[in-house]
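Here's the structure we're looking at; comments come further down.
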Amino acid sequence: MSSGGAGEYNEDRHLLRSTDGDEVGIGGGEGDLDVESQSPAIRSGAGGVRDLFKHIDRRFSLSGRRLSFKRMENIRVDRERHNPSSSSAFSAAGEEDGGGISNLHSVDDRNDEYGFDEEVLGDSAPPEWALLLIGCLIGVAAGICVAGFNKGVHVIHEWAWAGTPNEGAAWLRLQRLADTWHRILLIPVTGGVIVGMMHGLLEILDQIRQSNSSQRQGLDFLAGIYPVIKAIQAAVTLGTGCSLGPEGPSVDIGKSCANGFALMMENNRERRIALTAAGAASGIASGFNAAVAGCFFAIETVLRPLRAENSPPFTTAMIILASVISSTVSNALLGTQSAFTVPSYDLKSAAELPLYLILGMLCGAVSVVFSRLVTWFTKSFDFIKDKFGLPAIVCPALGGLGAGIIALKYPGILYWGFTNVEEILHTGKSASAPGIWLLAQLAAAKVVATALCKGSGLVGGLYAPSLMIGAAVGAVFGGSAAEIINRAIPGNAAVAQPQAYALVGMAATLASMCSVPLTSVLLLFELTKDYRILLPLMGAVGLAIWVPSVANQGKESDSSEGRSTGRGYSSLSPSERKTEGVWRHTDNADSLELTVIENPDHNSFLDEETILEDLKVMRVMSKNYVKVSSGTTLREARNILKESHQNCIMVVDDDDFLAGILTHGDIRRYLSNNASTILDENTCPVSSVCTKKISYRGQERGLLTCYPDATVGVAKELMEARGVKQLPVVKRGEVIHKGKRRKLLGLLHYDSIWTFLRDEMSRRRSINDRRKDKEVGTNGH
């Protein structure tokens, strides 16, 4: 930590540590680290917009700057190219101080020595007020794009099903099959063919992009074309009636808007997560006209799986602003009506609560069947492609054909907006509404058709199908329960109408299928605006979430360690967790909305950067360090250093709080500057010699520390940027305001990071190999 080696010592140009003031350590949350000198960026600009953000940042940004791995490597290479001899001397001098505890110069010294301009090194993310403004812009952009997407779906639907009334499925069910079979069968197949052809186009664009990756400068226009094509695929899928929903694509549109703004700036991982969360919230808010549910959706699918404590403190404000603005824009363009009309219903008594709990478990069981069907269909289509050598574009056509065949018997499985859901919600109140027995068949058919469409590669979401399946299951359960109880107790009217159970079933199925319990509860509450439904709703949702976790517990135990985020809780693809790429083409086209189906990309969790971003400092730090009290003499400290073979000693005060750090370099500088005698060593306390504070850019700051819940990637970048090899780990939150002291927990060694990284990569590679062997044995090919 202290610098070593010979030469004149300048206290203002050494040992960048900071724990004082508002800049106490790293790890997000309270007291984010100050990394004012940590963002050298040797990257090409991407046009006037990015330059504007950079200019704003240089003038106003005071915090939140990080150094990426690739930038550090670029700077190191450029330094060696500019002055190889100085670089070698610099490294040698750094090793002189007891095993290379730190380098001789601070970052500012290196900038001067190697000719780096401070304006270049100041390049980083915009300030908080600018990001809040960007959150508003994301809301506007997402609202406009989602409205355009919905208009496109309606245009395609009206053209494909011309002459069919708005009630669609109910009308088709009442017609003679001989008059309608060709349309029911051929229209979804046509949609599948178009989607499959566009899959082929995406593969061509992916190959072009990879071939030009080495020559790419500035903005990647192919990356902007990709989400547009995906939105068109989703519009065609839904417009031709295939059994999926529009909310997943709406969320993807919001995420794409956020990615577009993120690519215009130099952003760290946490700010990308914040922008993605704002995009996800705006997508679901504009899709459902439910701003509150959009906020909770972002929290559940983005912030929760990616450690919300590492996100910037203004993330929640960004999410709320984006959600409200996108919902407002969507209202202005599409109207203020809700996604579907909630019928009148009545909750009879609290004695029905056990029935709602049973319904929750039933919905959970349905979601388990559905998720396994999706996996089975996906693997089946992959097997067919490999076995018969079929191109990937054929699979969506087969999915459309399967949906059409099912629709010949049950036309209610076709996507027709939310008219099918409204028809179910009016069971018993409308002559055209299906009966209980037909609803049971329709629920089963919808599960199979949706899993088939999703597994075949058709593009769409699961929210709308989940709501329809849940409504059907709830209506069947409520109607059956009422009939059984009325037969057992004649004249008893203590059971609510099927509409109440249908509403609760919708939320429970949605929560279980997509792992969004809070979003489901808030969404239904926003739609019904009835507080009475919350108690049965929350009970049913809780059990609906519990059933899949129990059912999948055995299956996940073998593979959970092989996935960096765990089952079903991440809204970001592995490639998006890195600081570099956000454009990735995958065959299964999972959207943000689909959180329960496992992402098949297992290569990213073996990536060095991904592992470092997933690991916490507490797993790598060492608790085997030497500490002495501040009253220990310098002679005693020197003997302890020699006997313990340590490079540094942690100095603590009488209350065992971190007071400073003592290195061989500190001792040599004290002895040379003070011409001290043996008597001085025997009487001088280490508190007078150790490093306690540093002056950096005209400000006096304390020791540089980190928190145990910080990511190893952030700590590594900080150590590289500040030229230190050890970093004290202190307890978060226990700040003694008088002196701002911290409780010492451990010591993070730079060399230990690489040792742990090698071991972790080996462990994950072994898990991945076992998983692949198991899959081969299961699939039989």
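Using the three backbone atoms N, Cα and C, a Cβ is placed for every residue, glycine included.
Features of the protein shown, as given by Swiss-Prot:
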type: COMPBIAS; residues: 10-20; note: compositional bias 'Basic and acidic residues'
type: COMPBIAS; residues: 575-584; note: compositional bias 'Basic and acidic residues'
type: DOMAIN; residues: 621-677; note: domain 'CBS 1'
type: DOMAIN; residues: 699-763; note: domain 'CBS 2'
type: REGION; residues: 1-41; note: region 'Disordered'
type: REGION; residues: 79-98; note: region 'Disordered'
type: REGION; residues: 553-584; note: region 'Disordered'
type: TRANSMEM; residues: 129-149; note: transmembrane segment
type: TRANSMEM; residues: 184-204; note: transmembrane segment
type: TRANSMEM; residues: 221-241; note: transmembrane segment
type: TRANSMEM; residues: 250-270; note: transmembrane segment
type: TRANSMEM; residues: 314-334; note: transmembrane segment
type: TRANSMEM; residues: 350-370; note: transmembrane segment
type: TRANSMEM; residues: 388-408; note: transmembrane segment
type: TRANSMEM; residues: 433-453; note: transmembrane segment
type: TRANSMEM; residues: 457-477; note: transmembrane segment
type: TRANSMEM; residues: 502-522; note: transmembrane segment
type: TRANSMEM; residues: 523-543; note: transmembrane segment
type: TRANSMEM; residues: 726-746; note: transmembrane segment
| Across the domain 'CBS 1' (621-677), what is the average pLDDT of the model, as a whole number? | 80
| query | Thinking of Cβ pairs under 8 Å, which stretch from 221-241, 350-370, 388-408, 433-453, 502-522 has the most of them with the transmembrane segment (184-204)? | reply | 388-408
| Using DSSP, how many residues in the domain 'CBS 2' (699-763) fall into helix, strand and coil? | 25 helix, 22 strand, 18 coil
| said: DSSP-wise, what's the residue breakdown of the domain 'CBS 1' (621-677) into helix, strand and coil? | reply: 22 helix, 17 strand, 18 coil
| task | Take a look at 129-149, 221-241, 350-370, 388-408, 433-453 and tell me which one has the most Cβ pairs under 8 Å to the transmembrane segment (502-522). | result | 350-370
| message | Same chain only, please: residues at least 6 beyond the ends of the transmembrane segment (388-408) with a C-beta under 8 Å from a C-beta of the stretch. Say none if there are none. | response | 172, 177, 181, 184-193, 195-197, 199-200, 203, 240-243, 381, 414, 445, 448-449, 452-453, 455-458, 587
| said: Using Cβ atoms and a strict cutoff of less than 8 Å, what residues sit near the transmembrane segment (129-149) while being 6 or more residues removed from its termini? | reply: 53, 56-57, 60, 231, 234-235, 246, 249-250, 253-254, 256-258, 260-261, 271, 274-275, 278-279, 282-283, 286-287, 312, 314, 317-319, 321-330, 333-334
